[in-house]
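Now, the feature entries from TrEMBL:
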- 6-224: domain 'Ion transport' (DOMAIN)
- 1-16: signal peptide (SIGNAL)
- 26-44: transmembrane segment (TRANSMEM)
- 65-84: transmembrane segment (TRANSMEM)
- 126-145: transmembrane segment (TRANSMEM)
- 165-182: transmembrane segment (TRANSMEM)
- 194-219: transmembrane segment (TRANSMEM)
């Protein structure tokens, strides 16, 4: 029973690869039939669980309510999407976001729920570090706007360099991951090599200090909550 439940959960989650927009598109009829089959299996598993559980215990369990709501939402969305498709009206399968509910809330997924609860309990405790990191990022972005915004610099593609504050925030956020290094700093460096000091300071503070601190806080708090549970 556990293996079958995991198989159909995996099959249901895998439909995102084959549904429009898809990596490997399949006809709508095929994906919809597979989804209905998965939902019927989930409903049958829930019915079986209700038969071997006291009624008041079953209805007080939030996991069972979540599964029933997810099944109802998925069927409703599938029916609406099918009708709109018949009339050539373009729509979006919004119920895809509820599919992980099946993975989390079935009785067989106890370890997954444990990890999920640990993550949920860890989030409030890392909020302060995250806010400090965002404050540092916003301040460095403001300094970058003041330093480079009026220099009329251009990127290698000929676009304005550090003219828009929100674009600066995004570019520096990506720079924290070093994904756009050193491309993001080259226009300023070509203008004056002294501007490299700004980016060196940014990388030291945000990549090496804040990211290390953020990782340490996440790891320690997650391990603490995992031991408690």
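Backbone N, Cα and C define each Cβ position, glycine as well.
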Count, for each of 26-44, 65-84, 194-219, the Cβ pairs lying under 8 Å from the transmembrane segment (126-145), and report the range with the highest count.
194-219
Excluding the flanking five residues on each side, which residues at least 6 beyond the ends of the signal peptide (1-16) place their CB within less than 8 Å of a CB in that stretch?
31, 34-35, 37-39, 41-42, 45, 48, 96, 99-100, 102-103, 106, 108
Hey, which bits of the same chain come close to the transmembrane segment (65-84), Cβ under 8 Å, at least six residues off its ends?
28, 32, 35-36, 39, 42-43, 46, 59, 90-91, 93-95, 98-99, 101-102, 105-106
Residue list, the transmembrane segment (26-44) vs rest of chain: Cβ under 8 Å, 6 or more residues beyond ends.
4-5, 8-9, 11-12, 15, 18-20, 67, 71, 74-75, 78, 82, 85, 102, 106
If I take every residue in the domain 'Ion transport' (6-224) and average their pLDDT values, what number comes out?
87
